[in-house]
Each structure stands twice: as C-alpha cells, then as structure tokens.
Amino acid sequence: MWIKGKAWFNNSIDTICIQIDRFIKNIKKDCKPDIEFKENQLILPASIDMHVHVRGAQLSYKETVATATSEAAYGGIGLIIDMPNTLPPVNTYERVIERIREFENYSRTDFGIYSGVTKEIEKIDTLPIAGYKIYPEDLDRTETKVLLEKSKKLKVLHPEIPLALKVPRKLRNIWMEIAALHYVQGNVHVTHITNYETVKIAKELGFSTDITPHHLLVNGERDCITKVNPPIRDYLTRLGLWKALFEVDTVVSDHAPHSKEEKNLNYDLCPPGIAAVSFTTPFIYSLVFKDLLNIERAVNLLSKNPAKILNIPYGEIRIGYVANFTIISKNDWKYRTKFSKVTETPLDNFPLEAKVEFTIVQGKIAFDGKNVLPIRGVNAFDKSSRYPV
C-alpha cells in the first residue's frame, strides 16, 4: 500500500510517497497512492510512550489492555510500554509470559512490558521484554543490586528513595529524588522527573530521562484527581522544569488509571495517579504550532529518542522501520479522554492546537479520527514477529 502526504522526513517537511506493509518498504517523491492525506495534515513517526500503567488482570475494573491501548491510539501513540505493578504483579517468569499473551490478544497498539525486580533475572532476561522497573522500595533489595550487575536490559527508575514512602506527602522533597540516582548505575532510564536539578544530575551520570505533562501543567495537588507520585511540585519548581523540555530525552504520560470510586475516597486514602495517555502527543505538537518548540525537537521527544533508548527500529520514517505513523492537523479543541475507563483528569478541557487525525500501527489504521479499529499490535521486543532490519 502507498500513502502520500506532507511528512517529516530527513529533518524537513516534504510531500512524499511511502510504501508500507508492516514495515516501510520504499519512499519516493510521487506515486499513485492508496491513501492521500489532506494538505493540512502532517505524517509523523508514531509516538512512543515508555511509561503506561495499563492495569488489566485483576485490576481490569480500573482499565484493560483494550481500553488503555485504544486511548493511546486516539492520542497518536503507536507503541506503549507497560509497567509491572498490576495484580498479580509482573515479576515472575510465568507472569511475564501471561502478560505478553494478554497484550497479544487485546492490544490495539504495539507494546512492550517491563518486569518488576525479581529473583528470576536469568530466566526473565531470556524473554522479549523492554526491561525492568525499579521502584523506591526496591532500592535496598539485594535483587536490585544483582539486576543492575547482571542484566544488560534497560532499567527504569522511579527516582525517590525508600524513605519517601514513609513520610507525609508534603515532606517528599526534591532531595529524595536526587538521592535515588546514586543507588543505580549502568543502562538506566530515570522517569517522571519533577525538577530541573534531577534532570541535570541524571544526565551527568549518563542516564536517559523523561518528564510528564502533568508535572509541567497541573497547579498543585488539590484533591484526589491531582494526587500523583512523585508529587506535583510548587509553582517555581514547575516553572524550572520547563527548561528540561529542551534537555530530557522523552516525554511520557505515566498513565495511571483508577476507578471513580477510588478517586472519590478521602485524600489520604485515595490512590495516586493521573490517566491521560492520549494527552502527550497533541500537547507537544501544540507547542510546535505555538512556536514554543521546533518540530525536530518534538519528533525526537515523542518518537526518535524513545526508540533509541529502547533499541528498536521505530520512531523514524525510514526504509526497513516499522510502519507506525501519527497524522496530525492544526485544529483548536479541548482535551477529553475518549476510550479509557477514566473519564476525569486534571487536564480536561485543556486547550490544544494539534489534533490527531489518524494513527497507523503495523501499516494498518488503528484510529481513523473517530473510532479505534480492532487491529492487533505486536510485541516490539519479539524479534521473531518484528522487522527485517
């Protein structure tokens, strides 16, 4: 199949034809396209979200693989990586295999999964996973030290020391975030950083980094809807974090859904988490349309850099790479979730200028501007089902 339209290709915008099946087979100037996108629509490499809590399994009342990945496709994301803290947790050989099968059956986007810290490192390391997630409570564990020494796979760090989980939320200070960096070494990615100092030190230590939109935009923790880990920081800290948008490697959603009943509990009892996986892509490209960010930086943040961190052939319009695309237009609208089980977020009604018109996954339309189609994504880390390069 041939598609044609304006595209971000070779570091510029040009009208090109792209031949696709599951992969990008050819790129040239002209063709007789099967699909031709409108003049006001722009073809981009599909976004990659390295930090999504899909839930499912015994937590399906919060969110399922189908609803989370449908919401991701609606937000222009072609690949999500799932966190292991569902129920039961994904931290054994058997649970990793079960989790992969759950995604194979129900995912509307391509996917990868992280394992939790485990005693079964040698067995799990043989499986097609994205890497491992290290939580604050893991930092003092012997298994974490073994993991850091033995596994070459990516380790994603929640940057807070164990003490942060034992003190009142108002005392979960920035120094606890910075101190956590010194517990780890090697192939480490530091996620949902909340302040600029942590970004600088993490980069000095050779780690890749990300931030979330809500740590930039949400005006303090006012209630259960805005409660999140790590906590939303004060105004000046959030203002400083905007500098990080030009230095971090990627932007993630940290999509963390909970039921309405859970979010209606007393503030001290309600679980933390904001679920807006579909917000990140239109938000970042809205900054481009506002001339606050250039398009090359936006594509690097959402597509090219996460693919490099994960060491997979995604994130670029390039022959041999996976045929995942986001098609956007300049269009004023106000944000709402659409396919997620979560219907209320602190980002609701946020004004955006970029709108996702289509999401293409594995060469097939996953989101057509109105509906998510019943396609099946693949495990981006399973080389047997992946790509020819």
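Quick reminder: no glycine exception, Cβ is built from N, Cα and C everywhere.
Features reported for this protein in Swiss-Prot:
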type: ACT_SITE; residues: Asp254; note: active site
type: BINDING; residues: His51, His53, Lys133, Asp254; note: Zn(2+) 1 binding site
type: BINDING; residues: His53, Val54, Arg55, Asn85, His258, Pro272, Gly273; note: substrate binding site
type: BINDING; residues: Lys133, His158, His192; note: Zn(2+) 2 binding site
type: MOD_RES; residues: Lys133; note: N6-carboxylysine
Cβ-Cβ distance under 8 Å to the residue listed as 'active site', same chain, at least six residues away: His51, Val52, His53, Thr191, His192, Thr212, His214, Val228, Gly273, Ile274
CB neighbours of His258 (substrate binding site) within 10 A? 25
Given the recorded Zn(2+) 2 site (Lys133, His158, His192), which additional residues of the same chain have their Cβ within 8 Å of the Cβ centre, ordered by sequence? His51, Met83, Ile134, Tyr135, Val156, Leu157, Pro159, Thr191, Asp254
Find the one among the binding-site residues Val54, His158, His258 whose C-alpha lies closest to that of Lys133 (Zn(2+) 1 binding site). His158
If you draw a 10 Å sphere around the Cβ of Lys133 (Zn(2+) 1 binding site), how many other Cβ atoms fall inside it, taking every protein chain shown into account? 26
Mind checking which of Pro272, Gly273 has the fewest other CB atoms within 10 A of its CB? They're the binding-site residues. Pro272
Would you mind pulling the longest C-alpha to C-alpha span across His53, Val54, Arg55, Asn85, His258, Pro272, Gly273, which the record has binding substrate, in angstrom? 15
